[in-house]
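As written in Swiss-Prot, here are the features:
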| type | residues | note |
| --- | --- | --- |
| BINDING | H16, H96 | Cu(2+) binding site |
| BINDING | H168, Q177 | O2 binding site |
| DISULFID | C54-C182 | disulfide bond |
| DISULFID | C152-C237 | disulfide bond |
| DOMAIN | 286-322 | domain 'CBM1' |
| CARBOHYD | T228 | O-linked glycosylation site |
| CARBOHYD | T236 | O-linked glycosylation site |
| SIGNAL | 1-15 | signal peptide |
Amino acid sequence: MKVLSLLAAASAASAHTIFVQLEADGTTYPVSYGIRTPSYDGPITDVTSNDLACNGGPNPTTPSDKIITVNAGSTVKAIWRHTLTSGADDVMDASHKGPTLAYLKKVDDALTDTGIGGGWFKIQEDGYNNGQWGTSTVITNGGFQYIDIPACIPSGQYLLRAEMIALHAASSTAGAQLYMECAQINIVGGTGGTALPSTTYSIPGIYKATDPGLLVNIYSMSPSSTYTIPGPAKFTCPAGNGGGAGGGGSTTTAKPASSTTSKAAITSAVTTLKTSVVAPQPTGGCTAAQWAQCGGMGFSGCTTCASPYTCKKMNDYYSQCS
């Protein structure tokens with residue numbers, strides 16, 4: 001059997017994640033300031049749902065009456081946490097590997113626009129590079145997702161949609177878990193005109209359940225494997241207009257975090273390399289919450305799901321409560 005390195009979960013309940021704060025132009029805004037945050041950290045799994053735009057539905061979001069000012073051409077940081085009260089050492093379960101992405105949509109009123117429908121364009125993506133996933137980079141960075149705001153887009157109000165996709169159960173259709181929230185921002189210092197990227201996209205509509213970046217067995221991948229990031233190509237400013245030429249393809253990925261970009265280094269617990277399946281053991285009557293891991297190769301946490309959920313096998317490496 002192929003030797004596998006299995007990341008140990010710190011807690012069965014620490015699986016999910018929320019975009020809770022935005023840092024812009026040196027200011028870290030309070031939790032939920034200018035962001036439509038939910039009280040529950042569950043995923044969206046139906047890529048045809050309107051909830052794919054800015055979350056909601058199974059994870060009801062709370063409106064915010066704040067808009068955050070962001071300079072065109074600057075780098076902002078979407079700050080991710082397991083819950084609204086978690087710290088930098090509790091971002092997302094390390095087993096939840098996948099890409100990170102960010103999109104912008106120009107709107108008339110960032111406070112009231114639902115985000116549903118057209119007008120979206122991708123401005124950030126980090127997929128898989130030499131064995132490193134975008135989500136792992138965010139965890140290593142203490143929850144920071146670095147997002148460059150294009151310098152060439154018009155000033156005005158936008159929705160900034162930050163997203164992390166977990167692929168641990170994505171070997172079957174609708175197994176990918178998508179996490180996203182929308183920040184309400186006002187971009188200043190942009191171009192004086194009204195031109196936007198020539199092509200924009202609709203959410204829902206940017207993904208299909210059968211996209212190779214959403215229907216994939218990550219456990220069969222090697223460090224040299226190629227991964228196709230979901231969604232359209234990333235927008236970049238034309239040469240001589242605040243950025244590099246053209247729009248990048250989505251089959252290449254951003255480099256993993258380096259010591260110069262890490263805000264905080266968080267060491268992930270790693271189990272000993274295993275060459276055989278270890279049967280999970282009961283853990284004193286504990287129960288796992290909805291969407292939490294409850295089984296899989298090398299797993300030794302809670303194997304009983306809280307009522308009314310049951311433990312369902314997604315693949316040999318991951319079972320979850322649903």
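Keep in mind that glycine also has a Cβ here, set from the backbone N, Cα and C atoms.
Here is what falls inside 10 Å of the CA of H16 (Cu(2+) binding site) among the recorded positions C152, Q177, T228, T236, C237: Q177. Using Cα positions, the member of the recorded positions H96, H168, Q177, T228 nearest to C152 (disulfide bond) is identified as T228. Cβ packing within 10 Å was compared across the binding-site residues H96, H168, and the lowest neighbour count falls to H168. Taking the Cα atom of each, T236 (O-linked glycosylation site) and T228 (O-linked glycosylation site) are about 19 angstrom apart.
Among the recorded positions listed here, namely H96, H168, Q177, T228, T228 has its C-alpha nearest to that of C237 (disulfide bond). Nearest in space to H96 (Cu(2+) binding site), taking C-alpha to C-alpha distance over the recorded positions H168, Q177, T228, is H168. Note: the Cα of T228 (O-linked glycosylation site) and the Cα of Q177 (O2 binding site) are spaced 16 Å from each other.
Looking only at the domain 'CBM1' (286-322), the predicted model's pLDDT averages out at 76. Around the Cβ of C237 (disulfide bond), a 10 Å sphere holds 21 further Cβ atoms from the protein chains shown. DSSP assigns H168 (O2 binding site) to coil, not to a helix or a strand.
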